[in-house]
């Protein structure tokens, strides 16, 4: 859990920094203020199309083979923020981050499913969520602080290095878990679909969570920097 959680937390350094400082540092990034919403949101939009294929990939291949490269792709996306200016390079960097986060988040959940049972799965998933929120909070705070001290570009380079460090930790310490979960613990798609269709409570909760994320992680996170400037 340590390597998985730390890798996930550190991977958020570039993304958290960008959400914190991009609305107030558009000149350094070489984009118009009106483009900030597109840049900050496109990585999430592309995950609508990438999360499914990521899940299929994790069903078929070893976890490490996908999770560790996803961390380094995340580092590469932050290198793009640091080394380039302008709307199109930033857009490419955010698309790379969307690809990386699909691999990281879906992969992390898959590893948790591999190593847990129905009796302890909620606890371990909660701990993994704790690593995520710890990384999100610290990256926003540290990224803003580093930008004030060192400037936008230097903060992004440091963010890329921190994310790469998380990738190295996972590369060295994260074990392969694909063989741990027995085949009988994996329900087929045909078994799951009727349950999802009949479970209206699940759909209501998911919809409310989506609204919450839209308001807090979307609108507020992208505009708070301007409000407190």
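The backbone N, Cα and C atoms fix where each Cβ goes, and this holds for glycine too.
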Request  = Using TrEMBL as the reference, determine which range in 13-29, 30-46 is annotated transmembrane segment.
outcome  = 30-46
Annotated stretch (transmembrane segment, per TrEMBL) among the listed ranges 95-115, 179-199 = 95-115
Request  = Count, for each of 30-46, 66-83, 152-174, the Cβ pairs lying under 8 Å from the transmembrane segment (95-115), and report the range with the highest count.
outcome  = 66-83
Inquiry  = For the transmembrane segment (30-46), give me same-chain residues lying six or more residues beyond its boundaries with a C-beta closer than 8 angstroms to one of its C-beta atoms, as numbers and ranges.
reply    = 15, 18-19, 22-23, 84-87, 90-91, 94-95, 97-99, 101, 218, 221-222
